Amino acid sequence: MPSTAEKQRRILPFFQFTSLSTKDKFGILVQRDPRLAGLGVLGRGVLFSCFHEEHLKEATQLYEVLIECESFEEFLDLCHQAREYVNEGLYVYAVSVAILHRQDCRGVSLPPVQEVFPDKFVPSETLFKAFKEVRLHPDDEEIIVDIEKTGNVKDPEYNLAYYREDIGVNAHHWHWHLVYPATWRPEVVHRIKDRKGELFFYMHQQMCARYDSERLSNGMAPMVPFHNFHEPMEGYSSHLSSGINGMPYAFRPHGRILKDMREVSVQDLERSRERLLDAINLGYVVDPNGLETPLDELHGIDILGAIVESSNDSVNKSYYGSLHNWGHVIMSAVDDPDGRYQLNPGVMSDTATSLRDPIFYRWHRFIDDMFQEYKKSLTPYSSQLQFKGVIVKSVCVRAKTADVVETTFANALLDISHAFNFGRTGPVKVRYNHLTHEPFTYKIVVDNAGTKTRKATVRIFLGPEHDNLGNEFDIGRLRRLMIELDKFTTVLEPGENVIERDSIDSSVTIREQYTYRQLQDGRSNREQTEYCSCGWPNDLLVPKGNEHGMKFRLFVMLTDAVQGQVGDHGATGLCTDAVSYCGAKDQLYPDRYPMGFPFDRDIKADSIPEWLHPNMHFSEVTITHHQ
């Protein structure tokens, strides 16, 4: 049995120079395995989309075959064979899903997708500049080029480009859809994805809440949800070009409307929306046999999430359709819906690029509005909010200045040498800016009025205090803007307890991702690797704020951890980070409460003090941005 380090070394070449032939890289090509029959339908050079039903069908066939390989050597052989003729993007997607879910790949890390496909993250002008620089420098010299801007102030939405086009944010979205494939079939791979539909709802809801906080940080109004399938859309140009076919991602001029495609029509999407809203209002969904499944408090959001995406867990895909996925596809094809011009689709077609487009957030707020219709049907929390005998006395944030968190932009380097064969030994890198924040620590003083120790779950959220016009958000509007910062368990001794927690330890984020070169050097060869590397980038844990100091409400709540505990999460040492958005490997989601609790349901209170219980606390935090 090869070591983890050896497995890592042997897997990495599958992710290098993905558009090139690999016959001379892996040795003698064995005869094509019959299990790969039927693959290769999606041609090489075509942009793969894991939102497209036909693309997903072929990708699923490949990753299921790879997961079921009995040995690691057999797995490598099939990866080797498939790479010769399977579509480049589909291949990387399927192999990545397999690596994340094979038991004998535990401890093996995926190389960053931004190094595998930098053309999905870096403007084509920048890549062109890199290719020019290569000719001007010795082969062993490191080359660094600065990333080019993709717009200017003529477009107000460009103020948010730093966020929408952030490399870490887009990589997170790509990785999340690897961990939770829409076509996952537990009966085939013998593993259940617990609360997968609810995670789909919650992760994307949090993306929308975070995006609105960034808009407010820049003096912009919260986004207007997509709501009319026949309304002209705003324009967007990504300045990206595909490295596998040389053509740019289609841009969308201002004023375009959705058009019917061969695969799906606008009317199909409208019909799906109406049927989903009918189900929510009736309180149940109908399976193909006419049997009714109630959308109850315990499972309703999970059932609904599976239908909306739609995943293989949908109770009736033929009736309810695939609103979310086909929406992405049809929005990416507004300029060439029938393929007559043979254009690339727009960035909305790809999980690694779709967050760049402003319409992504409006589309997902539209999707979230349907989930919220369901949440409105549930009884607002009352006794569930209480944790009797536990009182949160004070909360503060310790940083350079108390209750003030500073943000700024920092430089980082992206190595593109493993995607493009520059014919040189020295690395070629792109320098880019990204938002970051100073490290900070929560200090929470809690009183346990009982005589025994108690196990508590600490839930921390953050939301903007005012809208772009200076009006204070009431609790009803604020709840949908609250972003989760952390969730962890602690033990409360009788009497006063001081809880301290560093921002770097957030349950939402990942600390670091190893580069391709670091993986080559054996930096990440540990059996107990972090499965949930789909976590949010820690640099973007908090919103940008502004130079004057933007006021936010920091919310801390303690709940009974024993009451909320599910399974034995953490016992394996796997996936102890980033569980809020990504769940836990081969385990139940480690929190019995609904995701987003207590802000996932309507709040029936006229003011924040009226809603609060002793185990809950709001305080004011200022986020100041320095250029």
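Including glycine, each Cβ sits where the backbone N, Cα and C put it.
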Checking Swiss-Prot: of Cys575, Cys582, the cysteine bonded to Cys534 via disulfide is Cys582
Per Swiss-Prot: Cu cation 2 is bound by His324, His328, and from His299, His364 the site also lists His364
Listed alongside His173, His177 for Cu cation 1 in Swiss-Prot, from His190, His204, is His204
Counting only residues outside His324, His328, His364 in the same chain, those with C-beta within 8 angstroms of the Cu cation 2 site's C-beta centroid are Phe51, His204, Leu323, Asn325, Gly327, Ser354, Phe360, Trp363, Ile367
Neighbouring CB atoms within 10 angstroms of the CB of His173 (Cu cation 1 binding site), all protein chains considered, total 21
Cα nearest His324 (Cu cation 2 binding site) among recorded positions (His204, Cys534, Cys582) -> His204
Not counting His173, His177, His204, residues with a CB within 8 A of the CB centroid of the Cu cation 1 site are His172, Trp174, Trp176, Met203, Met207, Thr351, Ser354, Leu355
Ordered by sequence, the long-range same-chain Cβ contacts of His204 (Cu cation 1 binding site) under 8 Å (at least 6 apart) are His364, Ile367, Asp368
